[in-house]
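Chemist: Here it is: the structure, laid out below.
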């Protein structure tokens with residue numbers, strides 16, 4: 001009996017999985033049923049088909065996306081065959097009459113140049129070929145012809161010419177959106193590039209001043225500090241890769257803090273609690289150092305030069321599929337309302353160096369769930385929590401961990 | 001067995017695990033020195049952690065039990081469990097680390113860029129994890145029953161509750177230290193009693209017939225039959241019976257049982273004379289599977305052995321809790337070094353269970369009759385040494401056994417819960433991870449309470465078979481074959497892993513009955529399901545050449561190039 005139960009438990013697993021999958025697949029179309037009059041129903045059907053064809057095209061016009069959307073587009077037009085081309089070749093042919101590919105491409109040259117739609121009769125030796133006639137509707141983005149949508153039918157039809165034109169316009173809009181997406185991505189990349197080299201000029205100035213002050217009194221110390229400075233700037237200005245490892249970032253923070261400590265002496269103390277499991281995690285380049293810089297600034301702010309001491313705690317924990325990094329200071333804190341406005345970029349970030357910048361980059365790389373979480377109040381210090389997924393597609397640290 | 005030492009020992013292990021897990025990090029890593037704080041996990045520490053997580057109840061109790069029943073044939077188990085890391089080292093370790101993947105679904109996504117394959121891999125991780133968790137909980141139940149006479153399910157519930165609580169509360173912060181600690185604890189818990197046992201064996205005149213076939217009683221031995229059994233006798237046997245045999249009640253009568261099958265009711269006491277061979281027993285009533293599987297091995301030892309070898313050699317790389325630990329290595333070379341160290345540590349450990357199996361055959365052969373062969377390791381110290389010393393050593397072994405359940409179960413629970421929260425449950429967040437933990441543990445716990453009586457090593461063997469036929473093709477082809485496509489990977493995992501899973505289900509449900517040639521095929525599916533998985537993956541991939549992910553070359557370059565060279569590639 002018990003053995004049977006065990007078998008049942010195991011056998012139920014795949015069935016459950018299949019059930020969930022089927023349920024997800026079938027859930028959406030069903031919700032369309034039983035809506036209003038047949039006309040309304042047909043409208044909904046059409047809109048639904050159109051909405052299904054849209055997502056692949058949002059990634060631009062490639063063989064893969066064309067293949068995914070062609071069938072939906074053909075059912076939208078109700079033709080025997082539909083083909084999508086770019087400027088050089090047929091990307092996909094959905095339906096009958098596959099042998100017309102080359103002929104279509106030859107006849108298409110004019111339409112692709114002028115950007116005007118046309119219709120023509122196809123020549124065919126095969127007697128029972130169902131495709132005798134083709135409508136060409138160019139796909140244009142920003143006045144430039146990217147490709148064409150070709151609908152084929154057994155005989156001429158004015159309705160089809162109109163419909164193909166409309167569908168082509170709709171596809172063009174999707175492609176324009178894809179173009180927009182692409183330029184947005186490029187913008188983000190450019191922004192990341194612009195942001196990442198942004199170490200504060202004040203910091204360079206202050207560091208050099210501190211080193212200068214040691215040159216005569218303690219040349220050995222000055223030499224060490226210069227080396228720290230060299231290491232830190234080398235890390236900050238390195239050219240390759242947008243991502244680094246938590247270990248490398250921590251080393252950069254170490255160099256940074258050595259320079260800051262030289263300036264503030266005993267007033268600054270730092271404790272670390274790092275789970276070694278998360279050190280290899282990949283994260284955007286220079287996204288923790290600005291937070292530490294911020295903590296130093298806030299920690300020492302508003303305290304009398306002689307008595308004020310600042311304590312900074314940096315924690316990295318292992319939390320399942322994520323690493324949890326917390327940077328905490330016991331300094332002046334900040335008004336939450338002001339901080340919210342800084343993060344929303346309503347106020348120029350004179351106070352929080354790069355906080356909004358780090359927040360933006362984290363959101364761009366990992367999604368909106370992974371923005372900075374900041375707990376603060378005036379006079380109560382500040383605690384910044386960063387969640388870093390251990391694996392994210394496309395995030396690979398460049399180079400190797402610093403060797404010990 | 002005296003439980004006055006064992007229960008505190010088990011409690012101590014549980015408490016120590018929780019404490020090291022919660023505070024290990026705090027003690028060792030709170031510092032203002034960056035170079036101390038941000039030191040990565042070295043290969044040796046990581047290897048100890050991997051070994052600690054890997055050596056489960058099957059290794060600790062099951063192998064000795066199997067050795068007791070089956071004799072030297074079962075030495076293939078420890079060999080297979082160890083050699084799995086050799087395959088991992090040669091084909092998978094470094095590229096897997098360089099892929100940056102944390103879990104197996106991550107790897108599927110990194111290599112094939114497909115959400116569908118990712119979800120499928122996630123489903124198999126959950127399946128394998130649950131299959132592997134089941135014997136851990138049962139082993140815990142068995143241990144507690146042997147130690148204190150508590151009901152079967154209690155030990156499993158204790159382990160489930162402790163693991164769920166610590167994992168869900170985020171208590172396993174310094175998991176590497178916990179697992180490394182568990183490895184050394186387990187090794188000590190087997191090594192120290194083993195030394196004493198071998199000494200006792202020496203002073204007993206070092207009898208050498210441990211692996212004689214069949215096992216026999218060395219001295220007069222009273223056996224209490226816990227569950228009704230059928231004795232199969234090849235030759236007549238003289239035995240003193242108090243209880244019911246073949247429907248007739250006896251009270252301390254000396255019986256001459258003729259060759260053939262005899263039915264012994266539960267609760268019967270059989271007293272065997274010294275030198276009597278241990279009869280073969282078959283549990284009657286209910287579809288219990290341990291004897292049927294044990295028998296099928298005797299029928300087709302060669303086929304079963306090959307099935308076992310293939311499953312353990314290739315299954316190790318697909319164990320979800322092993323794979324996540326490689327993420328801790330800082331780079332591919334460290335991952336390889338770690339694997340080499342794991343080979344050493346695991347190999348050293350696996351020298352011990354066969355010793356217990358052999359001594360069990362000498363000193364506790366009646367366990368084959370009562371069916372509790374997995375208890376051999378726990379009972380031997382008491383049997384051979386006795387007194388306070390035996391009790392203390394028994395307590396040490398019991399503590400080690402619980403460490404085995406806790407470490408493997410917590411590793412598996414974390415892996416399964418991670419997949420459940422990421423890929424199954426709707427939204428992300430810490431609260432959902434807790435929900436996932438509960439869910440990850442609830443299913444195997446329910447199964448273990450409902451099922452009971454599954455031999456630990458066999459159940460683990462089934463988990464290995466499923467892992468070998470689904471993840472081994474995915475990993476090996478994913479790393480070494482550039483023409484793998486998402487549909488191919490999905491089909492291969494479904495056909496290979498799915499058929500192994502169905503075979504497992506059929507075996508557990510007791511179908512088809514013992515003796516059928518088909519039964520051996522189903523009980524040891526790896527030999528046909530692994531090639532089937534590979535073949536399907538290759539053929540379907542070749543049939544869908546258009547679906548090769550466009551960035552395959554770049555991805556494979558990243559898998560195989562050492563990290564130092566990566567800079568030039570990405571620049």
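Any Cβ shown, glycine's included, is placed from N, Cα and C.
Keep in mind that TrEMBL annotations are predicted by a computer and have not been checked by a curator.
In case it helps, TrEMBL gives these features for our protein:
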type: REGION; residues: B:279-298; note: region 'Disordered'
type: TRANSMEM; residues: B:6-25; note: transmembrane segment
type: TRANSMEM; residues: B:45-69; note: transmembrane segment
type: TRANSMEM; residues: B:75-96; note: transmembrane segment
type: TRANSMEM; residues: B:153-171; note: transmembrane segment
type: TRANSMEM; residues: B:183-201; note: transmembrane segment
type: TRANSMEM; residues: B:303-327; note: transmembrane segment
type: TRANSMEM; residues: B:339-359; note: transmembrane segment
type: TRANSMEM; residues: B:392-421; note: transmembrane segment
type: TRANSMEM; residues: B:433-454; note: transmembrane segment
type: TRANSMEM; residues: B:460-481; note: transmembrane segment
type: TRANSMEM; residues: B:488-511; note: transmembrane segment
type: TRANSMEM; residues: B:517-540; note: transmembrane segment
Chemist: Could you check if the transmembrane segment (B:153-171) is in contact with the transmembrane segment (B:433-454), meaning 3+ Cβ pairs under 8 Å among residue pairs at least 6 apart in sequence?
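Modeler: As far as Cβ distances go (cut-off 8 Å, pairs 6 or more apart), the transmembrane segment (B:153-171) and the transmembrane segment (B:433-454) touch.
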Chemist: What else in the chain is close to the transmembrane segment (B:460-481), if you only count residues 6 or more beyond its ends and a Cβ gap under 8 Å?
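Modeler: Distant Cβ neighbours of the transmembrane segment (B:460-481) are 56-58, 62, 91-92, 95-96, 104, 107-108, 111-112, 121, 124, 127-128, 131-132, 135, 307-308, 310-319, 489, 492-493, 496-501, 503-504, 507-508, 524-526, 529-530, 532-534, 537-538, 541, 556, 559-560.
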Chemist: Are the transmembrane segment (B:392-421) and the transmembrane segment (B:6-25) near each other by the rule of at least 3 C-beta pairs under 8 angstroms (pairs 6 or more apart)?
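Modeler: Between the transmembrane segment (B:6-25) and the transmembrane segment (B:392-421), contact is present.
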Chemist: Please figure out which one of B:45-69, B:75-96, B:392-421, B:433-454 racks up the most CB pairs under 8 Å against the transmembrane segment (B:183-201).
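Modeler: Answer, by Cβ pair count: B:392-421.
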Chemist: Count, for each of B:45-69, B:75-96, B:303-327, the Cβ pairs lying under 8 Å from the transmembrane segment (B:392-421), and report the range with the highest count.
Modeler: B:45-69
